[in-house]
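The compositional bias 'Low complexity' annotation in TrEMBL covers 585-602. Marked as domain 'ABC transmembrane type-1' by TrEMBL: 30-309. Taken from TrEMBL, the feature domain 'ABC transporter' applies to 340-579. Annotated region 'Disordered' per TrEMBL: 571-614, in sequence order. Under the heading transmembrane segment, TrEMBL lists 28-52, 64-83, 155-183, 256-274.
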Amino acid sequence: MIAPQPHPQPLPTLADGTSVADGGSGRLFVVVAVVSIFTNLLMLTGPVFMLQVYDRVLSSRSEATLVVLFTLVAFLYVVFGLLDHARARIAARAGARYQLQLDAKVFRAALGRAVLRGASRHLPMRATQDVALLQQITGSPVFLALFDFPWVPLFIGVIALLHPLLGLFAGLAALALAGLSLVNMQRSRARQENTFAAQQRAEALGRQISVEAGQMRALGMQGAALGRWAELRRHALSEAISGNDSSGGFSASARAIRLFLQSAMLALGAWLVLRSELSAGGMIAASIILGRALAPLDQVIGGWPQVQAARAARARLRALLAATPAETPRTKLPQPKGHLAVKGLALRIPGAEGNSGFVLRDVTFGMRPGQALGVIGDSGAGKSSLAEALVGIWPPALGEIRLDGALLDHYDPVQLGRAIGYLPQRVSLFAGSLRDNIARLDPAATDENVIAAAQAAGAHEVIFGLPNGYDTIIDAEGGGLSGGQMQRIALARALYGDPALLVLDEPNSDLDDAGSRALNLAIRNAKARGASVIIMTHRPGAILECDLVLRLKAGRVVALGPMEDVLRKTTRNSGAILGPGAGQEGAAPSAAGPAQGGQPVARFPWDTDRKGGA
């Protein structure tokens with residue numbers, strides 16, 4: 001029995017036992033707003049107490065009144081502390097729910113965009129980082145300050161009740177800080193965007209250097225690559241420091257202005273006291289209330305870079321989701337049997353205009369279950385592009401691809417994925433166990449099906465040679481597996497579930513003779529069970545089990561037909577490729593490719609090749 005993978009730990013719950021994974025982040029934000037009503041009202045506790053002490057206790061010299069007032073104030077501050085703590089906790093959990101609601105939706109949309117040609121392969125991770133950024137700001141002081149904003153007019157009104165002139169001054173002070181906040185918004189927007197773009201460029205290059213570290217070292221590129229990365233980092237750091245200097249200056253100015261305005265309010269109140277228009281308690285209370293009224297503005301100015309980053313993240317997510325068509329429920333079609341029809345297929349590089357940018361033109365062919373088609377051609381002929389179109393990665397610009405009579409878009413994506421086995425030219429595995437990789441991360445996969453796929457790919461013995469067999473844990477780069485081992489595991493993944501359509505792109509590029517024999521046996525067995533098999537290759541050894549061959553040249557079909565006929569018409573010395581007895585019943589050429597002068601034929605000798613040509 002293959003050991004199952006550990007389950008993730010349960011998410012934290014709210015006080016009522018509700019998991020943060022439950023929906024309703026909007027309701028929690030409403031709760032935050034309601035709690036903010038009481039926290040802001042309780043913020044008047046200090047000024048009112050000060051007013052009562054100066055105007056009632058000191059004048060009456062009543063110790064009993066002082067004790068009662070102080071006891072009440074102590075109780076109210078305890079309530080305030082509990083409510084403020086609860087508000088922060090609820091806001092953090094609302095952000096967590098918001099993230100959980102968006103994560104899968106955004107990641108799915110980003111994956112859909114990332115598979116398109118010309119799109120960044122890092123888009124999914126950037127999108128989830130944007131979601132995390134929105135979640136993080138919900139627990140920050142600047143976010144909670146936004147809930148305190150509506151109470152600024154109330155505090156100004158309370159000050160006006162003490163004296164209209166004080167209320168007028170408080171209103172002008174709030175307008176002054178609001179104007180400073182608007183200037184900060186305008187000045188910081190461009191800097192924030194420049195900083196983000198510079199950081200993304202540096203991170204993208206850093207990830208590429210990490211992935212290709214071995215290759216760069218072998219080519220002596222490490223110094224140049226690190227120098228370029230360091231330059232991007234310096235530029236990003238320069239932009240960040242410039243932005244921090246600007247926002248820090250505004251924040252310091254806002255804090256200094258707020259403290260000055262409180263002192264000015266105290267001076268104005270003292271003048272009114274001297275004119276017998278205000279009590280001493282009112283003078284102190286007005287200064288304290290003004291500080292509370294201006295605090296949200298001060299916090300927003302200081303935390304505006306966070307707000308600006310969150311707004312930019314939200315705009316990117318909105319653009320991503322707007323560009324992603326809403327998924328509509330698809331009628332579950334019958335399981336495909338492998339009838340493939342490609343008619344007038346043309347593929348175009350995204351963004352190209354006019355008659356340019358086509359990588360494939362007018363590709364037409366058909367297959368029935370149990371047939372194998374070899375797609376051959378020089379590098380850049382369009383073989384891999386055709387493979388991506390056949391599995392639904394690259395949507396056609398013109399023409400159509402039908403599987404069992406239905407367009408690929410008519411199938412439910414999950415159903416279509418299970419009906420297709422795909423081995424890409426550049427093999428990549430997932431971080432996890434070999435079992436998980438072969439099973440396509442399917443939690444319902446059985447050990448029997450996983451082992452059957454590995455045996456079909458000739459990878460069963462290879463896996464047994466590893467320390468922990470099927471439970472061997474690897475990272476995304478293969479974790480010590482050779483190129484040939486990774487290719488065999490990827491072939492097993494393609495064969496998992498007995499798909500009706502098998503698309504293999506350069507499946508023997510890293511295989512030795514034993515691996516090539518296992519590959520051809522897998523193709524033969526897939527044909528025997530009724531699958532349609534398509535192999536993109538420039539090596540003759542990969543098409544030995546093919547019934548048909550399609551040759552591409554500069555994105556166009558130049559030959560299509562039975563393998564022997566196409567090779568005889570388009571290659572020199574086709575007998576060396578086909579081997580002795582080709583076309584005869586029971587002929588079994590070498591899996592590594594027929595020999596020419598005792599050596600395997602490594603490539604197709606096209607009839608148009610010149611002596612010594614590439």
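For all residues, glycine too, the Cβ spot is worked out from N, Cα and C.
Note that TrEMBL annotation is computational and uncurated.
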(message) What residues elsewhere in the chain lie close to the transmembrane segment (155-183), defined as a C-beta under 8 angstroms and at least 6 residues from its ends?
(response) 44, 47, 250, 253-254, 257-258, 261, 264-265, 268-269, 272, 277-278, 282, 285-286, 289-290, 292-294, 297-298, 300-301, 304
(request) Mind checking which residues of the chain, 6+ beyond the ends of the transmembrane segment (64-83), have their Cβ under 8 Å from one of its Cβ atoms? (result) 35, 38-39, 42-43, 45-46, 49, 52-53, 56-57
(message) Mean pLDDT across the domain 'ABC transporter' (340-579), rounded to an integer, is what?
(response) 88
